[in-house]
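The structure appears right after this line, and notes come after that.
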Amino acid sequence: MAAADGGGPGGASVGTEEDGGGVGHRTVYLFDRREKESELGDRPLQVGERSDYAGFRACVCQTLGISPEEKFVITTTSRKEITCDNFDETVKDGVTLYLLQSVNQLLLTATKERIDFLPHYDTLVKSGMYEYYASEGQNPLPFALAELIDNSLSATSRNIGVRRIQIKLLFDETQGKPAVAVIDNGRGMTSKQLNNWAVYRLSKFTRQGDFESDHSGYVRPVPVPRSLNSDISYFGVGGKQAVFFVGQSARMISKPADSQDVHELVLSKEDFEKKEKNKEAIYSGYIRNRKPSDSVHITNDDERFLHHLIIEEKEKDSFTAVVITGVQPEHIQYLKNYFHLWTRQLAHIYHYYIHGPKGNEIRTSKEVEPFNNIDIEISMFEKGKVPKIVNLREIQDDMQTLYVNTAADSFEFKAHVEGDGVVEGIIRYHPFLYDRETYPDDPCFPSKLKDEDDEDDCFILEKAARGKRPIFECFWNGRLIPYTSVEDFDWCTPPKKRGLAPIECYNRISGALFTNDKFQVSTNKLTFMDLELKLKDKNTLFTRILNGQEQRMKIDREFALWLKDCHEKYDKQIKFTLFKGVITRPDLPSKKQGPWATYAAIEWDGKIYKAGQLVKTIKTLPLFYGSIVRFFLYGDHDGEVYATGGEVQIAMEPQALYDEVRTVPIAKLDRTVAEKAVKKYVEDEMARLPDRLSVTWPEGDELLPNEVRPAGTPIGALRIEILNKKGEAMQKLPGTSHGGSKKLLVELKVILHSSSGNKEIISHISQHGGKWPYWFKKMENIQKLGNYTLKLQVVLNESNADTYAGRPLPSKAIKFSVKEGKPEKFSFGLLDLPFRVGVPFNIPLEFQDEFGHTSQLVTDIQPVLEASGLSLHYEEITKGPNCVIRGVTAKGPVNSCQGKNYNLKVTLPGLKEDSQILKIRLLPGHPRRLKVKPDSEILVIENGTAFPFQVEVLDESDNITAQPKLIVHCKFSGAPNLPVYVVDCSSSGTSILTGSAIQVQNIKKDQTLKARIEIPSCKDVAPVEKTIKLLPSSHVARLQIFSVEGQKAIQIKHQDEVNWIAGDIMHNLIFQMYDEGEREINITSALAEKIKVNWTPEINKEHLLQGLLPDVQVPTSVKDMRYCQVSFQDDHVSLESAFTVRPLPDEPKHLKCEMKGGKTVQMGQELQGEVVIIITDQYGNQIQAFSPSSLSSLSIAGVGLDSSNLKTTFQENTQSISVRGIKFIPGPPGNKDLCFTWREFSDFIRVQLISGPPAKLLLIDWPELKESIPVINGRDLQNPIIVQLCDQWDNPAPVQHVKISLTKASNLKLMPSNQQHKTDEKGRANLGVFSVFAPRGEHTLQVKAIYNKSIIEGPIIKLMILPDPEKPVRLNVKYDKDASFLAGGLFTDFMISVISEDDSIIKNINPARISMKMWKLSTSGNRPPANAETFSCNKIKDNDKEDGCFYFRDKVIPNKVGTYCIQFGFMMDKTNILNSEQVIVEVLPNQPVKLVPKIKPPTPAVSNVRSVASRTLVRDLHLSITDDYDNHTGIDLVGTIIATIKGSNEEDTDTPLFIGKVRTLEFPFVNGSAEIMSLVLAESSPGRDSTEYFIVFEPRLPLLSRTLEPYILPFMFYNDVKKQQQMAALTKEKDQLSQSIVMYKSLFEASQQLLNEMKCQVEEARLKEAQLRNELKIHNIDIPTTQQVPHIEALLKRKLSEQEELKKKPRRSCTLPNYTKGSGDVLGKIAHLAQIEDDRAAMVISWHLASDMDCVVTLTTDAARRIYDETQGRQQVLPLDSIYKKTLPDWKRSLPHFRNGKLYFKPIGDPVFARDLLTFPDNVEHCETVFGMLLGDTIILDNLDAANHYRKEVVKITHCPTLLTRDGDRIRSNGKFGGLQNKAPPMDKLRGMVFGAPVPKQCLILGEQIDLLQQYRSAVCKLDSVNKDLNSQLEYLRTPDMRKKKQELDEHEKNLKLIEEKLGMTPIRKCNDSLRHSPKVETTDCPVPPKRMRREATRQNRIITKTDV
């Protein structure tokens, strides 16, 4: 093809003569594509090795006939322009070049580019034939297609948008032969890259030099989750292998981005074979370069489909298409027939590329994720069929999707292998749900069998969920490697012994491993090379991933805990509830009869099934319908339990038809059927049984339901039929199976319902009667009133039972009522008394029928009323239940108010008994009129007298009547203020009406009055009026007073005012009296006695007879008016006449000033009130002496008076001068005197000048407010908060009751709680000392006051809250978590530390406060029980480096296996304990030691007779291996048990033989136990009579290196049967006695050991008490021998008080806020790291280090950098790991004036290293490093002179460091001093940035004493407690009960000795006790037993009780 399309022959050449005529030439092929008419072929051109671009271009122009001036470009096929710079590296031999008008010009016609690829075509073509092979029945074709998808994923990895990959199966014969096309929208390939693709095994890592590649300069992608980096096109073989596996020809079509050309390459087996046959270059070919959508070169009909594919290129910017033709027929069939299978396989391979790192999770909302852009679509086109199109994202049944969606939880981990090898792993848990495993089955390769119908008596055993499938599928760079899987790892394989989770849980996990490219895979990507080997290498590190973070931990324990958690959370089993008991089921085979637990309910998948519930079965023949009776669960269960399997017992329904019970597996219950459907089936079956009754009334008189009938009404005859549900009549029960001859009867009953119960009054039974089925006659005897029920009941013929098969037979009940009949007679009801004349009343009537039942009147009747002497009539009579004759009125005379008796006859015409007599008593009626005496109309009386009236109240028949509240009034008119007469006539109806005297004022002549007499309560009674003539009275009526002046008398009227000079006397007062007729009355002695005056107690009677009154003294004050009164009083009148004396002022005498509005004036303000100035007389009475002109004469003077605002005004209304605007110049508060002067008068007043109104709040005795005050969380503030109200001039404002409050943030808590305070009388409020609780950091407080509804804000207090380094918050427990805990051994060491709030370890803690508790874990909870074992910590060893840690060493592990809980506690105080997290340990059995029986058999007694029973030694003997503590162990041991008979003497050869005449027998030992069913002697076996022999059971276990102690069973041998029986009884008694003796001895030994331990404890407590007492004596503290605890308590209280006072004393402190310690790597600010006791030294050193005081010291640079970042670089930091420590000073070095240990000169000023004055509360070593670097060898002396002298001397011998003086001077190390920069300011100028002072030494001494006293108190209490326990134990041992037990032991030992003698057991046997009993622990006489022994004794004493003995 190249020759055909080539240019002219030979071609041109370019070069120089030195090129040697072709040697070293390069041949290039040139296509001229400038114009469309250009030649189609290429022109070969020879280029010399040394040619340049200019020569080459000239040659091109010459060859193609182009003018050199013409513009054109020469490019490569990749459109790379050839220039001078790239000519040599681009123009290579064989290269194809374009001649274009521009680089971006379209190819007007296609070109062909020669390419070479190295391998033989057979290597290429057949590479795919054998690389893809089938494994486990899988077709490899999907894996070959996956190779092409790999290439597409790599090509699209850089796509920003959708990464689209299409696989098109073109199987439509009308479009050509079958083909497979894989198309992607990746970056495409240039022609050179396409050439590279054709080169076999050209890996991306080896493409360099001549090979241009999209992977040139390969760089590994950055790590991403699951290694989903699309870097999976790897080796240069996959695509070609896949192509030639699928078909025999491949067409590669590709267009790179930003390229104008499409490159096309065809490789085919046919073409290769043709070239080989023609001896052509078989590994060369052509790449066709063309424009997009150009398909003119497709001429073969077999490839017609390519036209459509090429047309689609127009819309694509870049793409690559692989078109495979010549597809193998078997592949075509597979692709067609198994479309879903292989697309599902591809979805599995690329699951995580399609769905992302988390897989195909079921998401509730569609989230946009970076992996949603991969779109792999597969389509298959067939002739005449709708195309099949599937997107791999839509496939939901690939295995990974099934794994993801059926998993309940996941466990993620990571493995690091050989450096960069990383494997991410995930394990998913598929729980068991009720009756099935949820582990997904592969739909294509199902491993589970279909459900088969099981027999009812079979047990369904659920097999493992995963089956034999491995756990892990393996993914490489995110894609599946299908033929490699990993079975498991050591840490996730099922354990040999039961672990935390059941074994079956290990079969419920699936997993996936995701490796990066550091693991080798085969070139076909089917298998890993060595993944499993590397992962299972011992150096592989597994870590767990939690919340995306990698955590180093024990992967096996973490996995076990996770699996246990999954099992507990997600595994769901059937819950059996309502436990009823355990039974055996004899209906089952013998091995399955029991035990069976029975339950009344189960809970299955949220649904509850209970006994009695209707259910239906499935998979049973026939299907069962019935009700649940109970549930069965195999096993000895007790209470509620979760389990699988189980059976349900069903009572077949309806029971009337199916009287049987069936039992089926619970799994066969139909959970889908509704209970309604079951109920309907039962009802349909029940339709055959009698259902209802049909009742008719052939003769009438029908009884209707709920009918009400009159008494005596008959009930008609009844006709009855029995019907079933189908409406069919029946007379007997259906079906022969139910005893079909059973007839049915109908029973009739009439029942009366009464309050006393139901009473049966009629009862009949009817049989079926042929024509009339069932019949009952008419009933006429029902007369009683009440509710009735007529009941018809179907009953059985023989038994009269009304139920059948537990179901009631049909019945019918008709309820009716019987009421009364029509009325026949009557009687009177209860009447309303009394009866009054003219007052209507009612007569109630009661009617009865003929049976005496109460009836009602329903007809019209006119009653007749008659009574002698009375007039009677009525209004009406009412009908109905309450019949009443209404409105009966009687009129006539009665004798008195008590009334009169009458007989009233009532007649009702029409009744059988029509009349009745009613006796009544008639009382007088209501009042109707008044009768008044005297009868005269005009009455005459004198004024001032009373008048009586006689009144009577009468009714309408003129009878005197009475009633309640019958009150008669008499009202007078004609004058004011007349009295009212009242009289009560309620009882008698008559009385005398009178009252007070009639008094009319100022009556001068006769006057006429009117009197009206009436009854207010009786409006119907007319009033009576009388006329009264009133005459004037002759008694005293008026009194007058006169003042006589000369001969003239002036009347002083009543209430007159008399003006008189103040202090004077009024003389000559007289009086006169007159009657009502104005007649003067002469004063007699009797009248004079009745005259009184109020101004003097003594009256001259002689003067009164003359009409003279006593003199009146006038008051001295004009304000004090005098009230004078003259009064007269007798029996008729009371008179008075009064006047007021008003004093008048005298002459002017004084000037008086008066303050109004208070005498205090606030500073800066005017006096609120005014000063009023007046002129007074001698008595102080004001005189009107001022006028407006008087103001000029007034002067005001005072010290500090501000006269600028003084205002004086004349007050005309008060005749005074007002002075306002008094103000003082601000100054010290106090009293101010003011002098007021007017003319010759003057006066002084004193004013108090006080502070101004509150304007400020100041803090008293508080540090600087600008800096934050450091406070440790939970501690007190340094000072109390005291605030003072001040005015604006800072004068204290003494305003009390002003509310003071603190404002703060909600997260800042103060104790005591923030309450409102009020200021005291000084204006000061003490808020007290607060304890502060807040999160660490800066917080603010502000004091505010509320004054006059306005807020006065005080200063803001800044608090820097620091964590409390002394407050314990948790316990840190460290121990070896990999250690195993064997019973009876020793625990690993536990290291406990108490962690404070700042995450540091709290040190100096009394070890006695740390304890360890251990108890056995139970189901009741994790709280420690009361009897939990408690341990104390061990003493600190020398090699214990960590300070503040406590160690629990060598603590004994419990003897019994099980799960134990350990918890450590720190006693914070007497009541609060800080507990650690609980440590759960599993105690395992110890080493196997001995062979023991499960149940110790009795000592056998046998003989050698024929009877097997007499020769049987052992039956059902179970032997197992235990450790020293009787824990069963050795479960994994396998071997044999050798049974041998031995005698007491080794020489004894005449020993019995086993059956078979053998001396030894072997028994298998499996799973830690051996079962010996029976052991029988041989018949006529040798042996001596009455001799004891031994059976030695010796274990032989090959896997166990040590020898175990055998089990030895003694037995007695006899030759005589009878003797054997006797001896057997004795042997049994001997065994009982032996057991009893052992129990008694155990009790006594345990009691004695407990006693010894108590003595030991007493001794230890006594020694401890003595030791502490001696230590207290060293501190001069003596403790008395009596009343020790009260004395210690008092001492402690006093010492604590002293210590608290010392701590509260103010001492120097650093107020610089400390930096919050975020971690243990932060030490704090330098100012807080050290303390200095001396104030002067502290001042100068703090100043010297002023620039460093704020620096935060950290241990690491990382921590420093973190603080730097947090503060944006504002905080200076100092990391200790950056300090060069070799230059640090030696803290032990002597001062410079010492040379070689000798004094060089005598210094002055007490020199000392500055660093030696520092004390460090914490972190001493780190602090020495810091201050050693900062201070170096700085020396401090007393003063500057001493420092200068010291320096002068030191420099003579060595370098002199910086010198500081206690006076604050500094001499630098260079000798410079002086100036402000070398002089320390005063302490208060350092702004709190000063080193604090340490706690006083006395405080530390007190702390030691307090600690000792507390320990001594505990020791005294402990000694007292153990003494009491010892005494109690001694008393217990002396009790009669213990003595009795001792006697019983002695008797048992005697009896045992006698029995042994009878048995013939000689003392020789006792030497062989070692054969049967393990050696006992030796005890010594030491009262203190070993620790282990004491513990054992204590435990045994706990266990052994009296009942055991």
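Backbone N, Cα and C atoms are what each Cβ position is placed from, and that goes for glycine too.
Per Swiss-Prot, the listed range annotated as region 'Disordered' is 1-23 (candidates: 1-23, 737-759, 806-828, 1197-1219).
In Swiss-Prot, the entry for SUMO2 cross-link among K676, K919, K1223, K1374 corresponds to K1374. For the annotation SUMO2 cross-link, the record in Swiss-Prot points to K1496 among the listed residues K255, K1496. The N6-acetyllysine entry in Swiss-Prot, when matched to the candidates K575, K616, K1349, K1693, corresponds to K1349.
Mean per-residue pLDDT, taken over the domain 'SMC hinge' (1720-1847), amounts to 90. When the Cα of K1374 (SUMO2 cross-link) is compared against those of the recorded positions K1349, K1496, T1499, K1802, the shortest separation belongs to K1496.
In sequence order, no residues are near K1496 (SUMO2 cross-link), counting only same-chain partners six or more apart with C-beta under 8 A.
Sequence-distant neighbours of K1349 (N6-acetyllysine) (same chain, 6+ apart, CB under 8 A from its CB) do not exist here. Fewest Cβ neighbours within 10 Å among the recorded positions K1374, K1802: this applies to K1802. Residues within less than 8 Å, Cβ to Cβ, of T1499 (phosphothreonine) and separated from it by at least 6 positions along the same chain comprise L1609, P1610, F1611, M1612, T1627, K1628, K1630, D1631. DSSP assigns K1374 (SUMO2 cross-link) to a strand in the three-state reduction. Counting residues per DSSP class in helix, strand and coil order gives 54 helix, 23 strand, 51 coil for the domain 'SMC hinge' (1720-1847).
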